[in-house]
Ligand SMILES: Cc1ncc(COP(=O)(O)O)c(C=O)c1O
Ligand SMILES: N[C@@H](CCCC[NH3+])C(=O)O
């Protein structure tokens, strides 16, 4: 498989990323270790911004921070000129801690609480992507109480079925996200927004799913949304100023994944928007995109140390690593597949078919079923590719395994951006009620 970004094999026959030798990284920072390539993250940001600017006049790219969030990454995203999509009070808090300008933050989510909405408004976040009627009512009440005005983008379910894993499709009518067009709720929501004094109807949002390779579902989405925009203009004489088409652009995990070049998606999308704006005689809306996976996904590897190797002749050879579903839940959740290599011996001949097992007490904790690797021994380092999106951000402490560290590499420099958790971190929120501290009470029971 072709290496993404700055990854290459160096003269020591080791994997290198951002000018740093992976064996040195593993020895210095320990494993499992997420290693993020700053150069590639910045390149990915620029491809979206530049392609969209090249093909369309009025546009904005925001980063879907659920893919991976850290204070340092938010700094990079801001420096590269992207806005931010946040989906919870926690993500709002982090973005503000990183000094991200609130006016460039968009607040998403299908079940925002009153407190989260209040936090957003108090923090100066004025762009809310509203998902449902309850949220509209809560926001209206809050705006009145706080004497604030807010810009509303309505999340619409366009009724498009993208070809991707069932769990990460979001555009079909049977979805927990958004106001469906099919049953008229989209119109009802627009009417409600237009009536409310403190609301400014800023535009429409949709997101049809994630890890999508084809451009056709995006084109269909544009046709559907532009038709809705035409109907809004006809019914309410209102121009829809923003059309946010979400994220969902696929990346390569294994050789058979064939994502398109960013520009292909963007050219196809913008062409359709221009076509329908002309056809329906509409003011072309501002186009927004919110990629997550495509910004950080391929810009990261996870380094593991190989431990127990169990050969069951004629059945399977299990190669266990020191991480697993706690740092990568995707194989268990979506049957996701990965490419990997031995980071300390990249060019060795591939000799055997093995399966990579995690260390959790779950049979389903398998990182890779059936991969050809050179003969491996305990202590070798395994590098798993494309682990930047929805890995650390979906990590857990199952089996009381501390979360790994994340390092950012660039031009031969490696810096910790998230520290490795310690055993102490694992108990920091635990409380022993006083009565249980008293041994005699315990014995009396
Ligand atoms: C509303 C919304 N926007 C953007 C994204 C980012 O998606 P992706 O990481 O596939 O680009 C998601 C996640 O699927 C999402 O739910
Ligand atoms: N977590 C999913 C993507 C979900 C995107 C968020 N709406 C994945 O790893 O592929």
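Glycine is no exception: its Cβ is also placed from the backbone N, Cα and C atoms.
As the structure is a computational prediction, the values presented were derived from the model and not from experiment.
Here is what TrEMBL records for this protein:
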DOMAIN    48-297  domain 'Orn/DAP/Arg decarboxylase 2 N-terminal'
MOD_RES   66  N6-(pyridoxal phosphate)lysine
BINDING   248, 290, 291, 292, 293, 390  pyridoxal 5'-phosphate binding site
BINDING   293, 330, 334, 362, 390  substrate binding site
ACT_SITE  361  active site, proton donor
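The Cβ of residue 362 (substrate binding site) lies under 8 Å from the Cβ of 325, 332, each on the same chain and at least six residues away in sequence. For residue 330 (substrate binding site), the nearest of the binding-site residues 290, 291, 292, 293, 390 in terms of C-alpha separation is 390. Sequence-distant neighbours of residue 293 (pyridoxal 5'-phosphate binding site) (same chain, six or more apart, CB under 8 Å from its CB) are 67, 210, 211, 247, 249, 250, 251, 389, 390, listed in sequence order. Counting only residues at least six positions away in the same chain, the Cβ atoms of 61, 62, 63, 64, 85, 106, 207, 244, 246, 247 sit under 8 Å from the Cβ of residue 290 (pyridoxal 5'-phosphate binding site). Cβ proximity to the pyridoxal 5'-phosphate site centre (mean Cβ of 248, 290, 291, 292, 293, 390, cutoff 8 Å) flags the following additional same-chain residues: 64, 66, 67, 210, 247, 249, 294, 295, 297, 389.
Each residue contributes its Cα atom, and for residue 66 (N6-(pyridoxal phosphate)lysine) and residue 248 (pyridoxal 5'-phosphate binding site) those atoms are 12 Å apart.
When the Cα atoms are compared, residue 292 (pyridoxal 5'-phosphate binding site) and residue 361 (active site, proton donor) turn out to be 31 Å apart.
Closeness to ligand 1 is met by 292, these being the recorded positions among 292, 361, 362 whose Cβ falls under 6 Å from the molecule. Taking a Cβ distance under 6 Å to any atom of ligand 2 as the criterion, the binding-site residues 248, 330, 362, 390 reduce to 330, 390.
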